[in-house]
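Chemist: Sharing the features that TrEMBL gives for it:
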type     : residues : note
DOMAIN   : 167-231  : domain 'HMA'
REGION   : 1-26     : region 'Disordered'
TRANSMEM : 320-339  : transmembrane segment
TRANSMEM : 345-364  : transmembrane segment
TRANSMEM : 385-407  : transmembrane segment
TRANSMEM : 566-588  : transmembrane segment
TRANSMEM : 600-633  : transmembrane segment
TRANSMEM : 912-934  : transmembrane segment
TRANSMEM : 940-963  : transmembrane segment
Amino acid sequence: MAQRLVTGTAGRGNTHKTESNGGSTCSAHLSRAFEQYSAYLESARRICQKVLRRAWPSRRCDDKPGQAARLDGAEMSRTVDQDPIQHDHHHHHHHHHGGIKCHATGEPPTLNAMKPLAQLKSATSKKTGCCSTAHAREPKDAHAGWAMMDGSTRTDEVDLEKAKGQEWIVLSVTGMTCSGCANKMERTLCSFAGVSSVRVNFVMSSAEFRLDDSSAASLQHIIRGVEKATGFGCTRVSTREQSIDVLASGDSAKALTKLPLPGVTQVTVISNKIVRIGYDARVVGARELVQRISSLSCGLAPPGDDASIWRGRRRLHDQLVLTMIAGAFTLPIVIMAWSDNLVDRYTQGCVCLVFATIVQLVAVPVFYRPAVAALVHSGSLEMDMLIVISITAAYTYSVVAFGFLMVGKSVGMESFFETSSLLITLVLLGRLMAAFARMRAVEAVSLRSLQSNKAIIVQGGREQEIDARLLQYGDVVRVEPHSTVPTDGIVTEGWSEVDESMLTGESVPVTKQRDDTVIAGTVNGSGVLTARLTRLPGNNTVADIAQLVEEAANSKPRLQDIADGIAAWFVPVVSCMAVIVLVVWMVVGVRVRGYSGGRAVSVAITYAVATLAVSCPCALGLAVPMVLVVAGGMAARKGVIIKSAECTERARKVTDVVFDKTGTITEGELQVTHEELLGPDEEAIVGVARCLAAGNKHPVSLAVAKHLQQRRGPRVRLSDMQVVPGAGVEAVHGSDVFRAGSPSWTATADHGLIVRLQAMGRTLLVVTRNGEPVAVFALLTRVRAEAAGVVHRLVQSGIRVHLVSGDQMGAVMTVAAQVGIFNVAAQCTPSDKRDYVASLMATPRRPRIVMFVGDGTNDAVAVTQADVGVQLASVVSASHVTRGAADVVLLNGLEGVVLLLRISAIAFRRMLFNFVWSAAYNVLALLFASGALVNVRIPPAYAGLGEMFSVLPVIGAAVTMLFQRIRTNDGAGLCT
């Protein structure tokens, strides 16, 4: 039986005439097949890698169980009906960090220079044709041979079978105050078998990791071990499933944990009054679930804030209570110590001892327990250890001095209980203020808080306002004028204008009518809309975007690694300095100043205590994470979703920006301006063209399919349909082979009609039958309104701008001239686009940082190849593209490119300021506290203010980003 294999070259194909090879595919066909589908095979490989690394589920909550995921652009062999509406396209992408970095040598492509891909050759035999009788020995793994020739790397491979038994765990962590705490948490988690991919964010009070189900350590065992080793409180947070909080206590709460209910996946007692119930929304609805447990609960718990804000407030409350207790007992000590003969020495000593001991007990869970746990379990010295040593030394010395006083011995020692007590109180006060500032910053950029707490549902013609948490699949919601859309949905009735600026940054309202999508958190205008719910609150577009922003904040850029490296040496160095200060001042006291032994020790201890207490690496640890949290949230509110911290740091260095043409520089929808049918059987040709166009998701094909949708024609069935990335689509009808694609791929570029249309700058789709053109469609696309301005601002700032496209040179040059781009490459396959980016990155004269901007159509490999991959999307499709290959997703057009560069530059300046301030503070503070200036010093009692004075400017530098007006209409200095 004859076999046919389509290649990506124009007008060429190979056919097996015989079965002489014993059924095995020849090397030539393997090479051409891998060349033809290399882009999609590479995409598929990295999709699998990144999905497993990120532990993303393969189905959304509204997918049907068992529905198989399909990869667009993969080879299809099927029978296709002519109805284009019946072809469903699921977009699957991959991520930047696992991609190849093919560093070609030589100059970057210029206006008319674009080198084609090197043809793959057999590694075994030169005689590899179909008719060759010699059977070439194939490598054991043909894919491996292709991978080596393609230059790809296979780092971070993941065992697919093993990955099936892994679970992504998210913990809410209380007690972390700086990057040192986060590093301690990370080290502790990594010490458990079966734990991998650990990410900790102390600003958001969260820790995430992947847990192997085959591990001997259970999650509860890990949580208990982490709490014991670190002193932090840990609670698991459900991220994927739906959950509701109900009021129940005592026996009712216990009964709920044991009650078997269909669809309920987890029941957790959150507090003595609140129980959290996780459930599968496809099995049971929220209202139905609440009704079933009504006898054991008092209804829904009061609505809470965003989880990160709620954790911040709980931490703030705990710190406020501790600070007030410490302050209440410290105040009498300070008053007695600083007053003259308020009471006798014995009474003062007794009262101060009792009160100072109470303050020390307050410090036990805050300072002692985490410091000792870190030393015992991981052998590391943390920031808390400096405070523990200083307050212990001051308190112990004071107790000893008080003991000598009570027995009536005078050894020249005076107690100073106010030092340890005031030190503890001031450190707690500093941490309280820092926690408050962090919480306010997180609140200011929180996206989850955009969602409405109430919703109006329509049932049986009646309207009812309910808590938005009680929405369930199948509900129809009514959106009143000037109210917030409760969750994602499809408009079924009404017309209005909706403000989407809180997600896109675009102030112009968007018109919504029947069959349009409305997004959670957006604000309705003056009209009334009725929409059918498509996604539940907590699992909608706003939640997806917020999750991406939080994941970016959890990742560590290179600057954070540098800061962590410095902070790791900070505590040992300061401890050594304190010992040196103690010894030096004891010697000075006895030899120079003539103090007695007791007096010299007393004075020396005050200098050592001040040295230990005043130093603070927390500012250094906060320098990067705080800025990342604010920058990521700020960008998201303006329609720029930054998916990695590394991207925030790298974007300011961009030297070249490469734009895809169709759907990026131009509008996504093309208009058919000219149609020419060249065959006698026009109706049949229309039917075939419609079916071919419907089989490809490229914007050109989609535009032609839409154009032909209403045309009459016979019902056509095609077989052996195959999509060739960046070229077109081919299928068989009867004994004829039909192709629909670009003139170069269909080998019709010399046809007179096609030459004339190309000269007009039109984009063409040519349909051929057995190599002869039978239909030609000319399309015209509109350039995005903001494209020329964005390109101008990029050029003004010194960035080289490029345009690549799979379209013909005439059409590409027309668009390039309209927007002012002079570096152009046309007729590019997806692999060509990737190689174009790689050649720019490998320019030998000076290092280049390349950004690629595409719309996700046939450019996933180029997006992955670039240093900064950017994908253009709409807020409607945001939930689909956030799992894509790009590092950044733009929801508000190309203006987001300029905004990204500006935010990256501003964030870097804030980080740099924070590093400089942290270094300057610690150097000056240590000089003053250690007595290096002799006559000017910081008393040990006031050294506790050091944390406040060091941390607050760092937090302030990040928060002030919110008040800075970011200009995108001025290109000068975008990245400075």
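Note that Cβ sites are derived from N, Cα and C of the backbone, with glycine treated the same way.
On this model, are these features tucked inside or out on the surface, and what's nearby?
Modeler: Within its own chain, the transmembrane segment (566-588) has Cβ neighbours under 8 Å at 179-180, 183, 381-383, 385-386, 389, 600-601, 603-605, 607-608, 611-612, 615, 617, 620-621, 922, 926, 930-931, counting only residues six or more beyond its boundaries.
For the transmembrane segment (912-934), the list of distant contacts is 563, 570, 574, 577, 581, 585, 607, 610-611, 613-617, 619-620, 622-624, 626-627, 943, 946, 949-950, 953-954, 957-958: same-chain residues at least six beyond its ends, Cβ to Cβ under 8 Å.
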Chemist: Just to confirm my parser: what is the rounded mean pLDDT across the domain 'HMA' (167-231)?
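Modeler: Reported value for the domain 'HMA' (167-231) is a mean pLDDT of 82.
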Chemist: Based on Cβ pairs under 8 Å, which of the stretches 320-339, 345-364, 385-407, 940-963 lies most in contact with the transmembrane segment (600-633)?
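Modeler: Stretch with the highest Cβ contact count: 940-963.
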Chemist: Ranking 320-339, 385-407, 940-963 by the number of C-beta pairs under 8 Å to the transmembrane segment (345-364), which range is first?
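Modeler: Counting Cβ pairs under 8 Å, the winner is 320-339.
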Chemist: What is the three-state DSSP composition of the domain 'HMA' (167-231), stated as helix, strand and coil residue counts?
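Modeler: So the domain 'HMA' (167-231) is made up of 24 helix, 22 strand, 19 coil.
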